[in-house]
Amino acid sequence: MDTSSKENIRLFSKNSMQPVGRLSFKTEYPSSEEKQPCCGQLKVFLGALSFVYFAKALAEGYLKSTITQIERRFDIPSSLVGIIDGSFEIGNLLVIAFVSYFGAKLHRPKIIGAGCLIMGVGTLLIAMPQFFMEQYKYERYSVSNSTLSISPCLLDSNNSLPIPVVEKSQSKINNECQIDASSSMWVYVFLGNLLRGFGETPIQPLGIAYLDDFASQDNAAFYIGCVQTVAIIGPIFGFLLGSLCAKLYVDIGFVNLDHITITPKDPQWVGAWWLGYLIAGSITLLAAVPFWCLPRTLPRPRSREDSSSSSEKSKFIMDDHTDYQTPPGEKAKIMEMARDFLPSLKSLFGNPVYFLYLCASTVQFNSLFGMVTYKPKYIEQQYGQSASKANFVIGLINIPAVALGIFSGGIVMKKFRISIRGAAKLHLGSSVLGYLLFLSLFALGCENSDVAGLTISYQGTKPVSYHERALFSDCNSRCKCSETKWEPICGENGITYASACLAGCQTSTGSGKTIIFNNCTCVELAASKLGKSSGMVGRCQKDNGCAKMFLYFLVIAVITSYTLSVGGIPGYILLLRCIKPQLKSFALGIYTLAVRVLAGIPSPIYFGVLIDTSCLKWGFKRCGSKGSCRLYDSNAFRHIYLGLTMMLGIMSIFLSTAVLFTLKKNYVSKHRSFRTKRERTMVSTRIMKENCTTSDHLLHPSYWPGKETQL
């Protein structure tokens, strides 16, 4: 046999051999003969991971549902509530990179179990301030149970000017300020949520990577879709639990509820926000148990060992043929792993598809985090709904649409075997259509409630400009009223007044929730008919047209949520398939880190700061410092909330388009190089076969030169 034949045989043998990295897989993971225990243990891990996703999502959904309750209980502005909400992401920031990198080389199930324990303790810590604070006190004009008429308007015999703040003795102010110091216990809520962030760190990067490592390639997308769908079911129960707790008074079990003079629709109502955290914390601790019984590794499916199954991925990733699995019996060395940290990080950010998708996801999550955090507050202020009803409609209507969208995306990826470019197109298409639908919500708002001195004049004839807002008028000029109080009453004329005193009410009858104020001079001034001069406790309800707008809002919001969620799983699969397998856990950790730091932390804060600019009436603490907002400008709130969400969504669409173009460019260039390499291999194989055939013919006794030519 000549020299060229020998070289071709060697080339053929070299191309048919398994790479070194594949040998390590077979050493690390048993062959398909041991596939049966893999399926059972993998499904146990799938069930355990789904349950812990449910538990952490339940706590997160419940936290979102209690945003307004925490704001009122601790009497803090929305911007500070945004910091509390972002503390979860701060906890992730501190450890996510190291947990995702080093955890991938250690016992992943046990690390996830330890994280669940920390997360459960943090959830229980959030509820602790309730047991150390004094009972909740709200601003409310109270009347004794006697039948005597008591005047809310303290008439000034000297006809002096109104006094903005009723003077108090210095000793009384000091005592109230000492009591008011208990409102700083929101720090414990901050620390508890921070601890939740610590514990949640390993769940996503290590759990998803563990599933993707040991599931077949066809089932990986479906399994991840199942986990993400169960994770969406968690917030459903979280918001429903928040709706139930919002109906219960904050100090239930500690006070006589018959003496409570406000209702759940009152802006000062605070529900039993702490109760749900005790339930969510207990469930999270229970979710940690299964992970301590699972093995470090599982048998690997044959489809993952077959090099042909990764042909598409090879067009986007340059395989370095290195053995990245730890050999059996060899313990991972921390210094060696640390030495590879910076090169691994450089490799990730050097991948243009990964980097662009990371930027697109970060901007989009800025939009989604801000929108979800303040959605209950938006429904309360825009459509005049109670906190309980707002949480109920979000949990029962909106979030199931998100779950269905995520599950639909996983089914589409599995059934149609969509490629990486197809996943990028599906992700981009769902974003474009979703934000186009979201644009229609600008037209589905309600006008401001008629509040005397804030949104309408005391005569009820024209809106009040910003410079003309004043709570005092000629009709209440003889009353000594406090400008800082917010004790709203609804007059017979359909106008809300900040307090009975500012409404000029002379007498009152009844007790508790049935107080009736009579002879109100300001109510009579704006009444269309003579004789209407009374009012009752609470704000006036918005008109019937607002209820219809709320129904339209729910329909559009559900369709929008479903559309945006369809692209969730395709985007996740794109993230997993555009990186080297040995960097999978690390890439997911960096992805989570970026989303937490650049979206989860700042988004609720700057959303809250901008929303606070639309406040018309601030509450004040006992020491005189500013508390939480009592009344918002509905139009300004709508434009800030929806406009900011839409602007961030458009930016993410442009970045997702860049991802698709980059994928297309890489696919064309690497497909050509892959095809050229394959053609060279086929030519070498054909030459080798021809040479082998010639050698066989020469050895055959019936062969003579020119036989094939004659035949």
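Placed from the backbone N, Cα and C atoms, the Cβ positions cover glycine too.
As annotated by TrEMBL, domain 'Major facilitator superfamily (MFS) profile' applies to 45-667.
Sorting each residue of the domain 'Kazal-like' (469-524) by its DSSP state yields 10 helix, 16 strand, 30 coil. According to TrEMBL, the domain 'Kazal-like' annotation covers 469-524.
Per TrEMBL, the feature transmembrane segment maps to 80-99 (among others).
The feature transmembrane segment is assigned by TrEMBL to 111-132 (among others). Within the chain carrying the transmembrane segment (111-132), a Cβ under 8 angstroms from the stretch's Cβ atoms is held by residues 49, 52, 55-56, 59, 63, 99, 103, 182, 185-186, 188-189, 191-203, 206-207, 250, 273-275, 277-278, 280-282, 284-285, 287-292, all 6 or more beyond its ends.
The transmembrane segment annotation in TrEMBL covers 220-250 (among others). Below 8 angstroms of C-beta separation, residues 46, 49-51, 53-66, 69, 73, 130, 136, 207-208, 211-212, 257, 260, 264, 269-276, 279-280, 386-389, 391-392, 394-396, 399-400, 402-403, 406-407, 409-411, 413-414, 565, 568-569, 572-573, 576 of the same chain, each at least six residues beyond the ends of the transmembrane segment (220-250), sit close to that stretch.
The transmembrane segment annotation in TrEMBL covers 270-294 (among others). Outside the transmembrane segment (270-294), and at least 6 residues removed from its termini, the chain residues within Cβ reach (under 8 Å) are 41, 44-45, 47-48, 51-52, 54-56, 58-59, 62, 65-66, 69-70, 72-73, 109-110, 112-114, 116-117, 119-124, 126-127, 129-131, 136, 138, 192, 238, 241-242, 245-250, 252, 264, 387-388.
Residues or ranges marked as transmembrane segment in TrEMBL: 354-372 (among others). Note on the transmembrane segment (354-372): residues 64, 348, 431, 564, 571, 574-575, 578-579, 587, 590-591, 594-595, 598-600, 602-604, 606-607, 641, 644-646, 648-649, 651-652, 655-656, 658-659, 662 of its chain, located 6 or more positions outside it, place their CB under 8 angstroms from a CB of the stretch.
Taken from TrEMBL, the feature transmembrane segment covers 392-412 (among others).
The transmembrane segment feature in TrEMBL is assigned to 424-444 (among others).
Below 8 angstroms of C-beta separation, residues 208, 212, 220-221, 224-225, 228, 232, 353-354, 357, 361, 368, 379, 383, 385, 393, 397-399, 401-406, 408-410, 412-413, 418, 420, 422-424, 426-431, 433-435, 437-438, 440-441, 444-446, 584, 587-588, 591, 659 of the same chain, each at least six residues beyond the ends of the transmembrane segment (549-576), sit close to that stretch. According to TrEMBL, the feature transmembrane segment maps to 549-576 (among others).
What TrEMBL lists as transmembrane segment is 588-611 (among others). Outside the transmembrane segment (588-611), and at least 6 residues removed from its termini, the chain residues within Cβ reach (under 8 Å) are 77-83, 85-86, 88-90, 92-93, 96-97, 99-101, 197, 204-205, 208-209, 345, 348, 358, 361-363, 365-367, 369-370, 373-374, 377, 575-576, 632, 637, 640-641, 644.
Residues or ranges marked as transmembrane segment in TrEMBL: 640-663 (among others).
Here the transmembrane segment (640-663) has Cβ contacts under 8 Å with residues 316, 352-353, 356-357, 359-361, 363-364, 366-367, 370-371, 374, 378, 420-421, 424-425, 427-428, 431-432, 434-435, 438-439, 441-442, 574, 578, 607, 610-611, 613-614 of the same chain, all six or more residues outside its ends.
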